[in-house]
Amino acid sequence: MSFDVSRKEAQQPAPPSTGHNGNAVAVLPSMSTVTANRLRLNPNTEHKPENYEGLQLEFSPLLFSSLERYLPPPMLSLPRDSKLHYMRDIILRYSPDGERIRVQRHREYRQKIISHYQPLHRELYTMHASNFFAPSFLKAINENKEEGFRSIMAEPTLGVFTFEMFQPRFCELLLSEVENFEKWVHETKFRIMRPNTMNKFGAVLDDFGLETMLGKLMEDFIRPISKVFFSDVGGSTLDSHHGFVVEYGIGRDVELGFHVDDSEVTLNVCLGKQFSGGDLFFRGVRCDKHVNTETQSDEILDYSHVPGRAVLHRGRHRHGARATTSGQRFNLLLWCRSYLHPWRMVQHDTQITVAHISLICIEISERFLNLVWRVPT
């Protein structure tokens, strides 16, 4: 299928403006300079992109960092503001109005929470690797070699990796922070969004200030592993995430049905507490068309949770959670996504969304060419 987007009239470059710090924002290069350079079809993996964290952006800072690798070579040496202006203009140009409104409303929702909620453990909101991670995990990350990763991992079935990841103290602090947030929600009667359509209990960590820390977790600790084991589904270009904690037990969600995740790579770590049951079960990787096909014997895995121990797998790996029969179980989930990988484009080929904007940008050769976006059939 294809979508034809008509050429939009070229707009004159905006005059220089003044940033909040009083410094002038760099002027974009002339249109003739910009359009004379083609966007790269493949990312420049040698280029170290700018850090866009801390800026007031409509979209994930990691999306801009990833998209920067596709900019024409002459643009890579320009000031960050110039690159940001150029990329933001392209994204907004091809982003549906409804999607922009949704993103804006979600940003306002988060800002309202962050401006009123008082964190209990502020040390969680900044990455402190030596305090968060098990020494064996840190050693493997620092070595950054496949043999080092495999030395701390088990692979009980193809594509499902388990390993010790978090120190007990980190699990305790994160649990305490989530419980404090839920107490605040109850006391203020603030209506929050739950993690996904399948879980009625739990909290989205990104929504109350942990987005930056989780972004570092994905970028610096999950992406190096995913580059080795999940490169076929965008593991080396992970650029966005959805981080949340789910709760299981009596009076909470009890089990989770057979499903696949909206992610390229999923990190699942048990945080505690005391519980029985709740095993994960895996049944092999499938595409959308064959997600309900029979399971082969070598694809069957039942996994018992251990606090602090991680499970890493493809989002398309079919799985579910058996009933938690006693106590309470809390798990940290990090859905890691690659909006710049064709896999996501193919899996979501029914409409143009922000998830495809970067892919669209890569497809076009000049800024104001007629755009034809094609999805393989």
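Think of each number as a place in line: the chain as shown, counted from 1.
Each Cβ is built from the backbone N, Cα and C atoms, and glycine gets one as well.
Bear in mind that TrEMBL entries carry predicted annotations, made automatically and left uncurated.
Feature annotation (TrEMBL): of 1-25, 26-50, the stretch labelled region 'Disordered' is 1-25.
A mean pLDDT of 93 is what the model gives for the domain 'Fe2OG dioxygenase' (239-338). Broken down with DSSP, the domain 'Fe2OG dioxygenase' (239-338) shows 6 helix, 61 strand, 33 coil.
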